[in-house]
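Notes follow once the structure below has been shown.
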């Protein structure tokens with residue numbers, strides 16, 4: 001190592017920003033699994049939160065271990081701790097194994113076996129199947145591998161209930177459909193870097209115009225999917241209004257990206273997609289604890 005190892009290097013290895021966003025969806029899954037206005041018992045919440053966080057941190061660390069050569073080529077990732085020589089591969093592997101082991105033990109024995117097994121599925125899917133194979137094999141890498149990154153709300157739900165309810169799978173569907181426009185917007189901006197690293201991202205294999213169209217199509221599909229929680233009775237009017245507003249803004253970004261050559265638009269779309277997902281799941285939680293139904297509105301209006 002060229003520099004003294006610092007705890008921040010281990011933290012950077014776990015992609016804390018990504019883990020934080022995923023944990024927002026996992027925590028949302030926990031609380032949405034309760035009865036309206038119900039709370040998650042601390043005896044469940046604490047081990048589930050810690051266990052899921054450790055699993056996501058471990059998978060992110062393994063992703064960086066596997067992608068070390070690729071990260072060294074790309075400007076966006078060239079300062080990551082392994083590439084910069086701040087951590088040795090051996091130290092990183094040991095750290096990742098410890099995180100993963102602690103996660104599985106905690107989830108299996110302190111939460112429930114179903115959550116542990118589903119977490120293991122997501123861990124293997126992202127850290128190994130996506131990182132080692134799909135990312136390097138097909139431009140549909142993030143579509144096929146998206147299921148692994150979309151399951152946190154399901155994990156949160158099963159941690160509380162011990163079952164994979166259809167509503168939990170609906171949350172998975174939303175993140176699954178959100179993933180392509182989110183990543184492809186970034187891939188458009190970083191197209192040359194992916195090409196240099198020989199990663200077959202969609203802008204590299206099919207061109208930027210095709211990718212712009214794909215972002216728009218998936219954003220339209222996402223808009224439709226986000227209406228399902230209301231249409232199925234899972235959520236009420238606060239969520240519906242939020243989903244409509246957030247979705248229309250996302251569509252605005254996607255349409256501009258499709259028809260404009262402004263080089264700033266891909267990253268603006270990428271940035272908004274993160275805000276969008278955070279706000280959408282926040283709206284789900286607010287709606288769960290402050291339900292506003294058409295009947296409520298009619299009563300308030302004196303109808």
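The backbone N, Cα and C atoms fix where each Cβ goes, and this holds for glycine too.
Taken straight from Swiss-Prot:
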TRANSMEM  17-37  transmembrane segment
TRANSMEM  42-62  transmembrane segment
TRANSMEM  91-111  transmembrane segment
TRANSMEM  114-134  transmembrane segment
TRANSMEM  142-162  transmembrane segment
TRANSMEM  168-188  transmembrane segment
TRANSMEM  208-228  transmembrane segment
TRANSMEM  231-251  transmembrane segment
TRANSMEM  270-290  transmembrane segment
Are there three or more C-beta pairs under 8 angstroms joining the transmembrane segment (17-37) and the transmembrane segment (270-290), sequence spacing 6 or more? yes
For the transmembrane segment (114-134), distant same-chain residues with Cβ under 8 A (at least six beyond the ends): 48, 51-52, 55, 58-59, 62-63, 66-67, 100, 103-104, 107-108, 141, 144-145, 147-149, 151-152, 154-155, 158-159, 162-164
The recorded stretch from 91-111, 142-162, 168-188 sharing the largest number of CB pairs under 8 A with the transmembrane segment (17-37) is 142-162
